[in-house]
Each structure stands twice: as structure tokens, then as C-alpha cells.
Amino acid sequence: MDESTPLTSNLSLGTLAVTKFKEGVRSFRSSNQSFSLRERQRALREAGVGQAAHLCRDAVFGYQDAPYDGSYDPYSERHQHQRIRNEISVVCGRMVVLLRGVALAANWTLFFLTIVEPPYWCREGDHKYYGDCKEMFDLRGTTADGEQDRQLYPNSGSLMLTMSQSTWIELCCVGFNFFYILLKFADDGFIPRLFFYPGYKRLVHLSQIILIACITAGNMVQNSVFNPFFRMLLLGTYLRRFQREFGTFVKMIPRILNILAILAVITIFYAWFGVVMFYDSPQGHIAFPSLLEGIWYVHHSIQCYEKYVSHLKSSLTSYRTLWICVTTANYPDVMMPSYNEHRFMALYFVSYMLFSFFYLMNLVLAVAVNSYDESIADRRKYREQLSRELLTKAFELLDHEKKSEISRNTVMNVMVILNQDIPEISKLSHDEKSIFFAMLDKDGSSTISLDEFLLFGKVLLLDLHAQSEYATFVEMNLPRIYNSRFYQRVCNIVKSDNFEIMVDFILIMNAGIIAIQDYPMLSGQDVTEDPKYNDGYIDTVWESIETLFTILYLVEAILKIMVNGWKKYSESGRNLFDFVITVVAAIASAYVYYPNSYSNSDLIKFIVMARVLRLGRVMFTIDAFRMIGAISLDIIPAAASVFTVLLFIAYFFSWLGMMMFGGLITRDPRDPTAFKLLEANDFVVNEYWANNFNDMFSGLNVLFNLLVVNNWTECEIGFEVVTDRKWIVRCFFFLFHVLGVIGISNVITSFIINAFFQQMKTIEQRKGWEESIEGEAIIKGSEAFFDTSMVTGTETGVKNMYIARIKPQHLDVETDERAELRELFTRTSSCDESS
């Protein structure tokens, strides 16, 4: 009987069940060969297979924590009599990989714990509850400046845990970290020399142990003031990409400091010149009373200069600074007093800005871009060299007879161990192993040379899918309907461009109707809502229209899933976004209009507003917008590690600011500091009360404001007034500006510039044309379509059509998928000659 016979055939139910059961068993055995212990033992009988598999793993990932001598090899002949230790090493090695995500989650929990626990400055030695924090943060009343019902200690409201709860969470996460380190120790055969092997491995393991000890000791002695800092460092030891980007930033610092040194010299000269030029003048008393104040700014009172500028009596504070000019915050305010008197004085300030801001600051960006380009090139070169060295070493281990070739059986044994003992590598079915070997065997000789074996790392990055996996539910289970003329016509319509144009037209209509509905609110008119709108029934025009659009979008989603299949449909991020919005809108409509106690149609309105975001697809019909969108989708995930560096720096400064300035921004009339803060006129007028370091989240908001730059001086002056230590405050804000705004922001800009041009080049290569590789495959975009019966001249025994994609392992370096696929599907000349 033909295997394609549908389940509705005339076979008896019993015969059909037995047949399908046997097929299922065969399929299970075929797809789960990697779990056969007998096969694993057979593979390990060949010398060098275990070590070669681990070398291949390191070649794929492009890094090696330690060389072979720095890792325990449970397959080595030296350890063949230590069976229990070997088995423990293999099992714990698997658990290290499988629990890596859990360890990462535990450390992120520690990282964010600082935001929701009581700040140290208000605990008052309370290690069980909130200390004074909750009482102070919940305190409301009349403020020092007379406002009623306001927070007296402005905070973000992020306090959620008592100290006891925070401590238990911290100890649980630290305990898991300790358990995870024990697993890694067991993976290294319980041998300290290997666990602390010199280099990266020793640095990471020692750091983790010391940090865990510090956090635990802080809880034991009930002095956890430094624990947030230790938590941040502990998380950093688990983030390899963060370490790489932070290392790039550190290497960049000396070059940036050279430019900042030039800026410092120019600023000192201009400040010196300003003090002399504006001596005994209103501008001098306001902005240049001394060299240091001229470099930074002067905070002065009316009494200091009222005999010179009586018209300024209405202002209690003023900011005049060359450094503020560089940061572009309120630049005209610095120049205007003297510019109003003499127009030529603009030459002084304009010339300074030309040198400092327009030249030197852009020179910093140029240095950052160049340094980042060099870093990317170095990473690519290092990974290529490491991959070649490791694969060459693996080949030498497997070439037992020194014939410069290894057999098919040897390669298959390596793949068995990759499946069994290396969870980082995707599980390979029997068919995939055969296809991968055929790709390596480019000359059809059934043996692998060194040049062919060097492609092993790239082959393991292939993501293979049989075209049969994309078969739709209708195609598999309802073949008569699938083959009918009506259904095929529906498929053609849904797959056509006209269908997408129709969906776009519906979206535009939907957006227009929403705009008409919301026009009174958008134009600032008073709106009286129809009481029927919230009665839980579809009895208004707007509710009927919203429901109609919801039904249309549901029909669209059902048609696309039915015609394309869920697998193909879900591979598109745009489709998934549309699907989520459509399903949520349908559920919300059912919840609101189904008879129950909830009948507020505003819920649907908010979801309908989110639906309008789908209009972005209309923009991406234009080539320029489509390219920008595609590039952005590739850049954003890769940028996570760079933004993590910025997050760590902001986290550190927020914690430090909370230690130094926590509780100082207060409006409590019982605290003299509140009246002192009122002297910071611009801080008060702009109501910057929430810009404080009273808790971690508020501190992060202050630092984000500094990254945006504008008006940061008005925030900073408030801290100067309440601390009476202006140069400590200035150094704090100056240091963050150098590291955050000048440093990391330029690194982020460099990353985006580099990634944009790499992605633009790659996307240009993907689009618009097909490429046939000597009859082996058809490359469309970043996918290769090929017949698996014979690949690069080698028979595989697999008869199916497959789709191959490259899975980029390193997000920071763009992969040319077309070039990689072209290389993998191209035969060698010897194969061509033999054929």
C-alpha cells in the first residue's frame, strides 16, 4: 500500500493501528539515535573521538575558556579506569549547560533586587522589615514650600520587599550560584588545577567564589551595604558578550582620554582668558569669578553682584560654564549677558564651541568608530584562527593512520558524541548526520580531507528543515479539499500581492475611523461619552465597526494560517505581531460583550489603538523603509550586549548616588534640608523633586536624564545646595558624563554605524535574485533549497527536499549567509572530474 494513503482509507482499524505504531517506532528510533548509550559506547571505542567532539564544539562557538590541557577529558586513556568520575563529569557537564539559563535568571534576579528592597540609607539597622523606608516613602502632607498632599520624600514607589524577604531571595540565588559552581567543579573531575586553570577560567571562577563569599558575609554580619555592587559584578561574570563589549570600551578609553586631555587644555585656557577678559564685569561675577568656576559654573546669590546687575535680582541662581557649553545644556544662557552688551563677544564663545564641541567631540566619535571597527576585525580574525587551529587538532586526533583523511564512520562517531555529551549543539537526526557528511565530502570519495573537515564548524551552524514540515493541516489531513479547484483558488488569492493590498486598505480604513472617533479628544474638545458604550452590548455604531474589524482580522489570520501553515506563518515576526494583536482583541471583545460584571469598552479601544501599529507594514512596502526595518530587526538583538554595558554603568552610579545623596532631596518641613533645597530656584521651579537618589529606580531616572543631556545642570544644582560639598557632586556628575555620555554613548553609536553598514551590505546581497549552485541547490535570499538524495556528489540515502539556513553564532559580526551557503553547496574540482 502507498505510504501516502490517507487515514480515511478502507483498511481495517486494527491493521491501520498496527501499521502506524510500527511506523512511529521506526521514526522514534531514527530521530532519537543520539540517545542510544550503546551507540555512544561504540563511538567512544575509536580513539580521539571524545576530545575531537569537544574541539569541534569550541570551533563552532568561537571561544575556548581553556585549552585541552585545562579541561577534564572523561574520554582520555589516562582516566579510563576512573569510571565513576568520568560519568559524573559527563552528567555534570550536561547539567552545567542545561542550567545555564537558570543561573543567569538567578543573577538577574539579584541584580534587580536592589530596586525593590529598602535602600540602605533609611534602614536604620533594621534587618527584618523596612526600617524607616516605608514610613518615609508613604509620608504625604504639606511640603516646605506650601503644597498640599505631596510626597514628602519623593520616590518611585518601587519598594516591594522587606529586608527579610530580600535576604531570603538573595541567599536562595547565591545558594544556586554555589551549586552551579560545584557542578562546574565536578565537570572538571574535581581537580582544582583544572578548575582554576590559568587565564580566563581562573579569573571567572575565582571572581565568582569571592563574590559569593562577600555577599554571604554581608548577610551574616548584617551589613549588606556593598551587596548591590557585588551582585552586579557576579552577574557580569556570566555575561560573556557583556565582557567582550566592556573590554572593547576599556581599550577605547586611552584614545578618548587623549582627546579629552586636549579639551581640558583648551577649556582651561578659555576659562583663564574669560576670567581676565570679564574681570570686574557682570559677566565676570556671574560666570567667571575664578578659574575653577569658569571651567565649571558659578552658583551665586543676588548679593554677590547686585551692585552690578540689578536686573538679575529676580533670579537666585545662574549657571555659566564652559563645560556646560560642551554638553550643549543651556549654551545660550552662558553667552547672553555679555552678548547683549557687545555682539563681538560671541567670537569668544563661538570659537570655543567650534574647537570643543564641533571638532573634539566629533573626533571622540571618530576614534570610537575606528576602535570598534578594529575590535570587530580582531574578533573575526581571532575566531577564524581559533576555528582552524581547533579543527586541525581534531582532524589530527582522528587521522589515526596519518593518511590525511578520515572515514565516514569516524565523522559519524564524532556527531554521535556531539549529540550525546554536548548539549550546546542541536540534536541531529540520522538524516541530518548523513546530509552534513555529504556536505563535508565535496569530492564524493566517502572520506574527509583536512580542507573539507575545516568546514565542520560551518556545517554545524546549518538549520535544516524538510519541506514536508511546512505542509499545512489541510494538505496533510484533507487532501481532497486541498486538491479541489476552489481551495487552490483561495490559496492563490491569499498568497497574492492583491490580498496584502486589501489588508493594507482595511488597516488604513480602520485607522481613519479611529481618528474620526477620537477627533473630539485630539482637538481638545470636551467629550461626553455615550452611556451605551459601556453597557456590555454591541448597540452603538462605533462598537459595531470595531467588532467588524476584529472579525475581518480574525478571518485574515485564519486564512493565512490555513493556506501557509503555522510553521511558515510563525516564522515571520510581523505575522506573530498581527496574530497576537488580533487574538487579544478577539478575547477582549468576548470578555466585554459576554454577559458578566465587566462591560467597559475602553479595554477594546486600547487594543484597537495597538492594532493601528500594524500600519507600519504599509511603510515597509517602500524599499527604503523596508531595508531600514530589516536592518533594525537584525541590529536590535545584537545591540543588547552594548546596552548592557550602559545599564551596568548606570546601575553602579545609581547605587553610588543612593549611598551619597539618599534622602537629601526631601520636602518634609520637619527637615531643615527641605528649606535649604528651596534655594535651588531652577530645581524648584521645574519641580525636579522626583529627580533624586532616594531609591534605585529614581537614581536610574536621573542618570537617564543626564544621558539626554538637556537641563542636567538644573537637576545637579539641587544636590549641590543640600550637600554643601559642591565639588563632590560635580565630580560625580562629571564622571558619569564622561563614562556614560561621551564613552558608552559613542560605543553604542559606533556599534550601530558598524552594524548598519554590515547589515545593509548583507541585505543587498540577499534580495532580488536566485542563484543556482551547479545543480546542487537554489539559493533564494538567505535560504538554500536542495534535494537531499545527493549533496555535493555524495549520496545520502535521504529522499526529500530540504531548506537550509545559517544560524549566526556571533551577533556582533555579520554573517554573509549567501557566501556561506555557496561554499557549503559547491563541489570540489576532483568531484567534478570524477563525475
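Glycine residues also receive a Cβ, built from the backbone N, Cα and C atoms like all the rest.
Computed over the domain 'EF-hand' (428-463), the whole-number mean pLDDT of the model equals 89. Look at TrEMBL and you will find 428-463 tagged as domain 'EF-hand'.
Residues 88-89, 92, 95-96, 99, 102-103, 106-107, 109-110, 113, 161, 195, 205, 208-209, 212, 215-216, 219, 224, 227, 231, 234 of the same chain lie 6 or more positions beyond the ends of the transmembrane segment (168-186) yet place their CB under 8 Å from a CB of it. The transmembrane segment annotation in TrEMBL covers 168-186 (among others).
According to TrEMBL, the feature transmembrane segment maps to 256-279 (among others).
For 345-372 (among others), the entry in TrEMBL reads transmembrane segment.
Positions annotated as transmembrane segment by TrEMBL: 499-516 (among others).
Per TrEMBL, the feature transmembrane segment maps to 536-555 (among others).
According to TrEMBL, the feature transmembrane segment maps to 576-594 (among others).
Taken from TrEMBL, the feature transmembrane segment applies to 637-665 (among others).
Taken from TrEMBL, the feature transmembrane segment applies to 727-757 (among others).
For the transmembrane segment (499-516), the list of distant contacts is 493, 522, 545, 549, 552-553, 556, 608-609, 611-612, 614-615, 617-618, 621: same-chain residues at least six beyond its ends, Cβ to Cβ under 8 Å.
Same-chain residues lying 6+ beyond the ends of the domain 'EF-hand' (428-463) with a Cβ under 8 Å from its Cβ atoms: 30-31, 33-34, 56, 59-60, 387-388, 391-392, 394-395, 404-408, 411-412, 415, 418-419, 788, 790-798, 800, 802, 804-809, 820, 823-828, 830-831, 834-835.
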